[in-house]
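S.K.: Have a look at this one.
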Amino acid sequence: MSPTNTFAILVFFCCAISFTFASDPDTLQDLCVALPSSGVKVNGFACKAESNVTEADFFFAGLAKPGATNNTLGSVVTAANVDKIPGLNTLGVSFSRIDYKAGGLNPPHTHPRATEIVFVLDGQLDVGFITTANKLISKSINKGEIFVFPKGLVHYQKNNGDKPASVLSAFNSQLPGTVSIAATLFTSTPTVPHNVLSQAFQIDAKLVDDIKAKLAPKKT
């Protein structure tokens, strides 16, 4: 790896660490490895006994290779959050890797609990977010460049190139959450009433059914 790329990645990681102080509550102990099986309901997860903590609680190899993008949208998100790395519990930071095939889209969505900062590993992406004043802030970003999506705002990434692309994505939350706009509205359980969707989007009930059918999870 060239010195320039190494420096850029170091800056990216430093930014990710620095903005952890802006979201999840500060930890009150050195570590609190998540123990989901405890059944205790807290803001986060109950802590595993420190005597049972191992290096595996702080390790994840899942971002090393590209994910499979052979799906309808042509993109895949591989998360490295507290669900995958129990040691992230109470630390207020997480990562993802997003891979896009040529023409792939990470569709409009929000992260209700985190700001997101992306670093382009390969390729070129057209990215953007929409403010509460309904203003689109957008830009084309290339390998080695960074873009920020403010907490809670609708945003997207689109690979309009003819080659695959990938990014590393950092969040100031151990579990930022994702609300995909189209899927949330048209595939929720129970379903959003037809008349709500018809009136909101100014479309007829048949088109609502057509959209739901297209967005419905594929049966395996």
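Quick reminder: no glycine exception, Cβ is built from N, Cα and C everywhere.
Note that TrEMBL annotation is computational and uncurated.
Take a look at what TrEMBL says about it:
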- 1-22: signal peptide (SIGNAL)
- C32-C47: disulfide bond (DISULFID)
- 61-209: domain 'Cupin type-1' (DOMAIN)
- N106, H111, E116: oxalate binding site (BINDING)
- H109, H111, E116, H155: Mn(2+) binding site (BINDING)
S.K.: Take the mean position of the Cβ atoms of H109, H111, E116, H155, the recorded Mn(2+) site. Which other residues of that chain put their Cβ within 8 Å of it?
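M.R.: Counting only non-site residues, the set is T110, F129, F149, L153, V154, P176, T178.
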S.K.: Can you tell me how many other Cβ atoms are located within 10 Å of the Cβ belonging to H155 (Mn(2+) binding site)?
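M.R.: I count 23 other Cβ atoms within 10 Å of it.
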S.K.: C-alpha of C47 (disulfide bond) to C-alpha of H109 (Mn(2+) binding site): distance in Å?
M.R.: 31
S.K.: Counting every protein chain present, what is the number of Cβ atoms, excluding its own, within 10 Å of the Cβ of H111 (oxalate binding site)?
M.R.: 22
S.K.: Give the distance between the Cα atoms of H111 (oxalate binding site) and H155 (Mn(2+) binding site), rounded to the nearest whole Å.
M.R.: 9
S.K.: Looking only at the domain 'Cupin type-1' (61-209), what is the model's average confidence as pLDDT?
M.R.: 97
S.K.: Using an 8 Å cut-off from the Cβ centroid of N106, H111, E116, can you name the remaining same-chain residues around the oxalate site, in sequence order?
M.R.: S96, H109, T110, V118, F149, H155, S169, F171, P176, T178
S.K.: In whole Å, how far is E116 (oxalate binding site) from H109 (Mn(2+) binding site) when you measure between their Cα atoms?
M.R.: 12
S.K.: If you count CB neighbours within 10 Å, which one among the disulfide-bonded residues C32, C47 has the smallest count?
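M.R.: Sparsest of the disulfide-bonded residues C32, C47 by Cβ contacts within 10 Å: C47.
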S.K.: Measure from the Cβ of N106 (oxalate binding site) and count the other Cβ atoms within 10 Å, all protein chains considered.
M.R.: 25
S.K.: For E116 (oxalate binding site), write down the residues of its own chain that are at least 6 apart in sequence and whose Cβ falls under 8 Å from its Cβ; none is a fine answer.
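M.R.: Long-range Cβ contacts: V148, F149, H155, S169, A170, F171, P176.
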S.K.: Please report how many Å separate the Cα atom of N106 (oxalate binding site) from that of C32 (disulfide bond), as a whole number.
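M.R.: Here the two Cα atoms lie 32 Å apart.
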